[in-house]
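As given in Swiss-Prot:
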| type | residues | note |
| --- | --- | --- |
| DOMAIN | 2-106 | domain 'Thioredoxin' |
| SITE | Asp24 | site 'Deprotonates C-terminal active site Cys' |
| ACT_SITE | Cys30 | active site, nucleophile |
| DISULFID | Cys30-Cys33 | disulfide bond |
| SITE | Gly31 | site 'Contributes to redox potential value' |
| SITE | Pro32 | site 'Contributes to redox potential value' |
| ACT_SITE | Cys33 | active site, nucleophile |
Amino acid sequence: MVQVISNLDEFNKLTNSGKIIIIDFWATWCGPCRVISPIFEKFSEKYGANNIVFAKVDVDTASDISEEAKIRAMPTFQVYKDGQKIDELVGANPTALESLVQKSLA
């Protein structure tokens, strides 16, 4: 299941939770975001039991989070562990996204 992060406080609590967090930064008007969204959801079901939290941030409704994360394009997927960004993928590439998830498990 994908968690929705709607404010900076939630973002900070989640990214500092000690778990691996993969966040999809997206926008409702972004075509590629809509295409990859069900794939991200599928990966959350496939890999979510492995101490990884999958989350989404709508960059338009949570602009403070997207500014904090320095988001410049959508979709952007960022991986966090212990409050630090450890990886990032820009673009709607399902193969690269699954590789990012698998690399995060290692």
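The backbone N, Cα and C atoms fix where each Cβ goes, and this holds for glycine too.
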Cβ contacts of Pro32 (site 'Contributes to redox potential value') (under 8 Å, same chain, 6 or more positions away): Met74, Pro75, Gly91, Ala92
Mind looking up the mean pLDDT for the domain 'Thioredoxin' (2-106) in the predicted model? 96
Of all the recorded positions given, Cys30, Cys33, which residue's CB has the most CB neighbours within 10 A? Cys33
Three-state composition of the domain 'Thioredoxin' (2-106), taking helix and strand from DSSP: 43 helix, 30 strand, 32 coil
I'd like the number of other C-beta atoms within 10 A of the C-beta of Asp24 (site 'Deprotonates C-terminal active site Cys'), please. 26
